[in-house]
């Protein structure tokens, strides 16, 4: 078991810690925070990036709507949230407030039912998140749960009451967007949400249960159900970690963003066993509405005072929230009464309290189960109203079936009222007053007898920004422009500064506020804009060096591992990904001075975590996952020989019918038997039904193993047997081979089916895929797959055969999520280049074998998701290839180096065709030399030639070239969601650029491993403290492009590098150079033994017939050798000679099979008696 010190490597506390705070920041607690951070921070950041993408869509006019892909959740009335937990059955009056010690005592002594202790301090909050506020708040809650929070301040004593049951404590952590910069983990600030939740839960969850309630939370600022899912996963991990039954935690979600209003059912569903309802947040919701639609003039609202809870969009929001909650059996909580008693003006106070009564009466009559107050004096008023009109503990029985809210109701901005100068000045007064107090560390401030907080300040500045942006006019006839807004700002700031004591922060507040009211810059949140003003981090203090309470961290981790093991034993399946990560985090102390590579900053982040509970087909056709809308997409597959094509709907229908018939013929159904009993081989040239077959198998919960179309009978039989295939789909062209291999593999004749492709019909009678589709059209529909969360990440979708990172072909298990992740990664990476060119959809080339991972993922799946049309060709013939480009106006060519070399060598033939539609060439599967790129660009200077790097074991693309940062030497930059490191021969990470070593990659697309080959899996897929990596076996380096971005340069396969004395020579480098010589049609370079140098390079060359005519082999060989000697260092010279051959052996994807050349050379030298 690792020591506490090693567990806490990378955890640093930058804030000061006094004696009373040490009981909170213990090593075990910090270890728990580290686990939360390392498990969830990447997802958190991805979800925040997803918010930006949704905002960009709204800015373009795409209004929110209820999600079609979750309709089944909304329309299923049978599921419910959790039953109310102890202490949460009756919540008629809840008080909110900060976590300072005085407020904690006063709130718990109030005549209310629950107390929400607020760490957020952002909306409806009270704490500005200074380090002192946050850590002292944890101390106070630790003591409050244990009923030891009494204290004395001067002559006044603060003690908890003993004459009644105290209110149930609910804690509100900060929102997902906020960070706690005073604690860093692995160089990153921890999420404020995880920090607040983690410390309170770790220290007080068991104690809270012992006291008769539990660890309860209010969850703020969420914008989607995916963010609720993240909370749910954090809850489950936390409960497992401390040995607490799942479902003990409860979370009430504040619906304070307009996007969350469209996903209320889904949010409750995600939290299900942990859900304790939803809450209406008035000012936050109004702020969110203005913020999200700030670019749209038809969403301009009048003065803040006119936007009441009864205006159309607010009324719809309240009604839908109550209806949704009660349908699911959870509480629907009302909003805040922010008034403060006015002690010196009875008449004004009476008016204010009457307003509170009216508001609470509206809430209880609407069906709310409780309400909020900000001041203890308002508790009696709220209690009287709810006691009178809600004699039961709650109103869960009020179903509001009269309510029918549409998307247009939620977006109905028909709000009567005017924009006045008085309203502008009030907004300035509130915004400046709040910001000045916040910078001083106060998160909630009384202004005009209202507890104004960040939510009202956000509304104030957002309205001003929107009014200036759209040039509205006031009721007095004054146009609200930048100069007018800034003049009023200066006037209000000057007045307020004079009324405040010396040392106030008004000047600083006005400077910040000025940037936010001109219709130009717009910060997502004021509090994030101001956060650096209140942070006081000191020097890093490693958590493992804390001098206090070093005991028990290892024991706690041991307990967690025990819990994981117990869970695994019960489920009998794979441990979720995070659990092995914990084991290896303990086993491998972090390496210091690591150099981990990430995508450049300009590359967009993934908008969301790749889904893990849907099939590839469901993702590809699901518009809400980001694909091109179906109505705007092209036909996905078109035959490049005949023009025969299928629309998206036809593909979906054919998939449906085929899956029904295949299920009947094979005796399969989606939710019975294991996927490994439903393996289907596809052995075919490229056809327009290739993906239809794959998707039909996936609908049956089966696995597809695509086989290389050039396989011999023994090779195909081996794949069918080793994969356990029980059916085979082929084409007429390959039928004889398929029948013979299937017989050898034990597959019955009636389990072999043929796809259509141009050419003669099969000579042997076999059932066709079209026959099956006709048969399936009259069969009953299949039941839907019932996948639990995480199934897509664990279940194999494709079993692709690869040489692996070395050795003989291995069966790579590629999950549904692996493919989904890489489709998402590639398209997010490539999207900006397409958008820059104004490309919506395009015709792309489908020539590369669909059995190969490059075509399978990048062309078939990523292209379909993008809405492109894939022009399929069964094999490479130069004239057919060029004719298809001309006929179908193909703009994107996905190629491999041998084809590009053929194009360069036959440039005269290219000129016979109209290839003007081509914009881009993407080269993969093997490095493409700079010389070849240069030669192609000489022929077509307007073509953009880019490269990528990937492998079967990464479900394809790891890096790619952006059109904005082309560097022909490299294979581009890492894709979003990918990180990499380079390991030297001694197993140490390189610590500087331009240093070669083996590439290790981490990505959600890294596959599950090799089927029935545990040794190779363990050698290739390795764990360290950062998670699971794949050792690629490729020699690489990272270097800076001319644009200053990190690029990946592939040198060669480590096992194929030529070791000349102390130097390493990459065969790919020499091959690229040789191809630039006119005598060389094709070539390969291998190493051969040498007594003097150890190894030397030898070239195998296919001669260019025209150039070589009339020249002797000796003259040509010397000419080629001289070409190298004039341009390369002496240790790279072809001292092994040049041998002319008829062809270079290659895989179907164009990868040179140097192994065959080495075997040939060994046999030749053996026969000659030479040293091997």
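Cβ atoms here come from the backbone N, Cα and C positions, even for glycine.
Taken straight from TrEMBL:
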| type | residues | note |
| --- | --- | --- |
| DOMAIN | 10-72 | domain 'Malate synthase N-terminal' |
| DOMAIN | 168-412 | domain 'Malate synthase TIM barrel' |
| ACT_SITE | 172 | active site, proton acceptor |
| DOMAIN | 418-534 | domain 'Malate synthase C-terminal' |
| ACT_SITE | 453 | active site, proton donor |
| DOMAIN | 643-1011 | domain 'AMP-dependent synthetase/ligase' |
| DOMAIN | 1069-1151 | domain 'AMP-binding enzyme C-terminal' |
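In the predicted model, residues of the domain 'AMP-binding enzyme C-terminal' (1069-1151) average a pLDDT of 89. For residue 172 (active site, proton acceptor), other Cβ atoms within 10 Å of its Cβ number 26. Across the range of the domain 'Malate synthase C-terminal' (418-534), the DSSP-based residue counts are 71 helix, 11 strand, 35 coil.
Among the stretches 168-412, 418-534, 643-1011, 1069-1151, the one making the largest number of Cβ pairs under 8 Å with the domain 'Malate synthase N-terminal' (10-72) is 168-412. Spatially, the domain 'AMP-dependent synthetase/ligase' (643-1011) is not adjacent to the domain 'Malate synthase TIM barrel' (168-412); fewer than three Cβ-Cβ distances between them are under 8 Å for residues at least 6 apart in sequence. Secondary structure of the domain 'Malate synthase N-terminal' (10-72), assigned with DSSP and counted as helix (H, G, I), strand (E, B) and coil, comes to 41 helix, 3 strand, 19 coil. When the domain 'AMP-binding enzyme C-terminal' (1069-1151) is classified with DSSP, helix, strand and coil residues number 26 helix, 25 strand, 32 coil.
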